[in-house]
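A short write-up of the structure that comes next.
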Amino acid sequence: MEFVILAVVIAVVLLGAIGGLIVGSRRKKPLPPAPPTTPDITAPPAEPHVGDEAETPRDEERRTIEEVDLPGPSAPVAVEEPPTVEAPPIEIPEPTAGRLIRLRARLSRSQNALGKGLLTLLSREHLDDETWEEVEDTLLTADVGVQPTQELVERLRERVKVLGTRTPRELRGLLREELLTLVGPDMDRVVRTEPESTKPGIVMVVGVNGTGKTTTTGKLARVLVADGRTVVLGAADTFRAAAADQLQTWGERVGAHTVRGPEAGDPASVAFDAVKEAKEMGFDVVLIDTAGRLHTKTGLMDELGKVKRVVEKHAPLDEVLLVLDATTGQNGLVQARVFAEVVDITGIVLTKLDGTAKGGIVVAVQRELGVPVKLIGLGEGPDDLAPFDPEAFVDALIGE
Ligand SMILES: Nc1nc2c(ncn2[C@@H]2O[C@H](COP(=O)(O)OP(=O)(O)OP(=O)(O)O)[C@@H](O)[C@H]2O)c(=O)[nH]1
Ligand SMILES: [Mg+2]
């Protein structure tokens with residue numbers, strides 16, 4: 001009898017222990033992530049992890065509500081100290097002169113394959129049809145575009161024939177002249193930001209997603225501040241909260257004021273308010289950053305037209321800058337055409353020229369729009385923006 005009682009006691013103790021383990025292990029197991037209600041198509045596909053198969057299958061029995069620990073009403077609530085907001089130190093942007101030397105060197109590094117290739121071809125003893133075809137291919141590969149390429153080759157052929165014997169110096173001079181003609185040394189490339197008595201300079205920045213609009217707006221603000229101008233940034237990209245933060249961060253670094261609106265609010269009204277504030281407070285220039293939009297989406301393009309029209313209730317815009325990513329090549333031309341129809345582009349900013357040898361797109365896009373490239377982006381650094389200078393550009397192409 002005693003033995004039976006002892007056995008029962010042991011059994012009870014054991015069961016309790018096992019139960020405790022199970023409960024304990026359940027408590028410790030973290031909640032599986034809640035499955036999204038709609039599939040997130042922007043999320044990258046989940047990578048398999050080591051030991052994936054060992055994970056609990058998703059159709060495992062769910063915990064009941066009683067098993068989930070809820071925080072008691074008396075649970076202490078951690079009171080967070082409000083973070084002390086320290087004003088970031090204001091940076092002094094790099095002076096223009098030093099910046100240009102640095103950026104020209106960077107441009108040469110990325111672009112001089114084109115010029116070197118051309119010079120090598122032109123130095124051949126016999127310039128037969130095949131060589132001229134290679135010259136053409138070289139220019140096309142650099143995204144110069146069909147029409148300008150044919151013009152250049154025709155003129156070069158003519159001039160080389162007249163020249164007879166060629167020295168490398170002569171060839172270089174010839175090529176430089178012809179490339180320069182193509183790039184358009186006489187186009188007006190001034191970025192207009194001059195304030196007038198009652199109105200600030202107004203610049204709007206547009207383009208498809210990810211071309212570098214916000215970065216360019218930020219870099220341009222730095223250039224203006226370095227020139228002693230006061231700047232307001234209009235965060236008219238209301239699609240993402242992070243977009244306004246990104247712009248504001250650029251502004252704060254040089255002490256430029258950012259006007260923002262509610263998330264998903266009307267971009268036109270943010271742009272309007274930015275100009276209004278600039279006018280009221282006597283700022284010199286307003287730079288309006290807009291959301292990236294695909295040129296194929298009519299609704300978004302209409303919205304951009306509206307932003308411009310609403311701003312124009314204050315005053316005409318001085319510049320509408322189209323930001324194109326130099327690495328996207330010929331697709332940039334299609335974008336340029338559509339944007340130009342909607343908002344009358346006055347200047348092109350060609351970004352990411354540091355990451356591609358296809359600088360020939362400068363020629364193609366200017367031809368397409370009849371609008372000059374005014375600025376070029378040569379890196380992700382805050383001072384990696386340069387005015388577009390045709391002579392410096394051609395020198396970078398053919399090496400000095
Ligand atoms: N290498 C290089 N990267 C650049 C240049 N300009 C911009 N970028 C990079 O391009 C990426 C996109 O830049 P953003 O300025 O956010 O582009 P955005 O057009 O405002 O993008 P959305 O607002 O999302 O349409 C960032 O990683 C930038 O650092 C450039 O001239 N060279
Ligand atoms: Mg942006």
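Every residue, even glycine, has its Cβ placed from backbone N, Cα and C.
TrEMBL annotations:
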- 207-214, 289-293, 351-354: GTP binding site (BINDING)
- 49-66: compositional bias 'Basic and acidic residues' (COMPBIAS)
- 75-92: compositional bias 'Low complexity' (COMPBIAS)
- 372-385: domain 'SRP54-type proteins GTP-binding' (DOMAIN)
- 25-92: region 'Disordered' (REGION)
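Sequence features, as recorded in TrEMBL, placed on the structure.
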| residue | record | DSSP class |
| --- | --- | --- |
| Gly207 | GTP binding site | coil |
| Lys213 | GTP binding site | helix |
| Thr290 | GTP binding site | strand |
| Leu353 | GTP binding site | helix |
Key: For Arg293 (GTP binding site): intrachain residues, at least 6 apart, with Cβ closer than 8 Å   = Val208, Asn209, Leu300, Met301, Glu303, Leu304
Message = Just to confirm my parser: what is the rounded mean pLDDT across the domain 'SRP54-type proteins GTP-binding' (372-385)?
response = 96
Remark   = Of Gly207, Gly210, Lys213, Thr290, Leu353, the binding-site residues with C-beta less than 6 Å from an atom of ligand 2, in sequence order, are Lys213
Query = So among the binding-site residues Gly207, Gly210, who's got the most Cβ atoms within 10 Å?
reply = Gly207
Key: binding-site residues near ligand 1 among Gly210, Lys213, Thr290, Arg293 (Cβ under 6 Å)   = Gly210, Lys213
Task = Can you tell which of Lys213, Thr290, Leu353 has the least company, meaning the fewest other C-beta atoms within 10 angstroms of its C-beta, among these binding-site residues?
result = Lys213
